[in-house]
Structure formats: structure tokens, C-alpha cells
Amino acid sequence: MMDKDIERRFVFAADLAREAGRCASRYFRDRSLAVTMKGQNDPVTTADLEADQLIAKRIAEQFPEDRILSEESGGDPANRLWIVDPIDGTQNFARGIARYAVSIAFYWNGTVMLGAIYDPMADELFTARRGGGAFLNGSPIRASEISEPKSALVEAGYSLKRPLADYHALVGRLLEAGYNVRQVGSAALGLAEVACGRIDGYCELHLASWDVAAGLVLVEEAGGRTSDFFTGNGLTDGNFLIAAAPALQMHLHEVAERERYPAELPCPIRS
Ligand code: IPD
């Protein structure tokens, strides 16, 4: 794939994230919003489904040879793959909490090449292209320079896919190490905030690729570090994740890694 092909997709992804965000937002705090549960604490709304259909339609129009892996409509691994979460933070959205985002990434030959995360409530568009930097509304962003856990704010996302005791232990160790810890319901926005230095790290015992693909390239292009999410079957089955400001990466890794599951998987830090 040529540079111009990636560039075309980069521009397209940014526009599409905005368009899908506006589509979803029409339903925000709509009392007649239809919410169904896919599982425990795992809602899906009319807004997720409409935004998902819009994204699929636009990709099919512009790049008919590409494939899609989406939280709402599924998909299979492919060489040219769009990884899509039409609304990350659906639980917030469904409860009228203004913290959710559209996340769109393009994955080629085993690498996330670009990502776009749009927060419609703040009108913030985070974009990154591999080797081309990370941006917020077009201005360059960098991960924070914080190196002391006692000055750091990190998010520890909660996944129902891992035992509650492991999450308790993880949060306990982070607090004991001095980190300020929060959990606010959108991994995509958490990673975007690591990329622009608003928070210093994000970890979660299990996430799906659509939650994190765009955020990973954002953090890496902003000078942050991430664990090797796509190792093993990360693309299809999800994985453990740590993303951090560069000077915190080793410490956060040491503290969080003890909760990794399954323990035998390697979790190298990418630079
Ligand atoms: C969820 C959010 C949440 C994270 C969960 C994800 P969804 O995604 O990113 O912050 O903790 O693990 O499933 O369901 O809102 O797209």
C-alpha cells in the first residue's frame, strides 16, 4: 500500500469520525432512546447501530476492497481492516453522561496505521498517522513528562471479562504505589487523554481491539508507550493493555503487570 493510500484513508477517517459522532449525538439524552443489553453492563443503543451503519456505508463507498471489524457488526481479520467502535462509552451515553467517542482505526499488514477518535460533546477530534504525529483538532499533542507516580493520574478501566478480585488487586496496588486512579467509562477517550497529557496512563485487564486500536497509534505517535496489544490473538480476542507517559512506563508496567491474564503471554512495551 502506498503512502498516498494511507493518507487518503487518514483524511477520510477524520471526516468520518466527526460525521458518525454527529449522527450518534442526535440521540444523546433522548428519553425515547432504545437501549438493549448485550450482556451484563453492556448496552447497545439505536445510536450505536445507526452510527455503525453509517460508518460501514461510507467505507464501502470509498474503499470497497477494505474490510471492517466492528463492535456492533463484527467482522473477520483482513489485511486491510477498519477497526471501528461507533460509540465507545456506550454506558455513559445511555445514561446521559457526556463522555463517549467514535473510534475508527485502519490496520494494515498487522499494524495500526492511523486512528481517529471524536468526542462530539467537547468537539475534540484526536487523530494520528503512523510516523506522522498525533493531533488534537489539528494541533500537535504530546504525552505528559510526569515521572513520579505520586504526581500521576491514571485510569484503570474495569472489564467484566476478568475476575473482580484481579481488578480490586490492580487498583489497590496502583493506589499503594501513589497513583491517583479513576474509572470513567471510555477506553478510547482515556487513551486520547494519555496522548495529549491530560492523564499519565491507562490500564485495563481486558479490552477489545475496537476499544483501543485508534488510541494505541495516538499514544505511540504522541511519544507515549503501549503494551503489545496485538500480540497473540489480540485483534480478535482482545488483550490486556497498558498505555503510559514515557517516563512512567516501566513503573506502571511493573505495578499493573502482576495482574496480567493469562500470565504466560508476553507483554513487551512498545516505543
Ligand atoms: C467499553 C469502554 C470502557 C471499558 C470497557 C469497554 P464500550 O467500551 O471502553 O471504558 O472499560 O472495557 O468495553 O462498550 O462502551 O464500547
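Cβ atoms are placed via backbone N, Cα and C, with glycine included.
Keep in mind that TrEMBL annotations are predicted by a computer and have not been checked by a curator.
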Hey, TrEMBL has Mg(2+) bound by Asp85, Ile87, Asp88, Asp211. Any idea which of Glu71, Glu72, Glu193 it lists too? Glu71
Could you check the binding-site residues Asp88, Asp211 and say which one's CB has the fewest neighbouring CB atoms inside 10 Å? Asp211
On a count of neighbouring CB atoms within 10 A, which of the binding-site residues Glu71, Asp85 is highest? Asp85
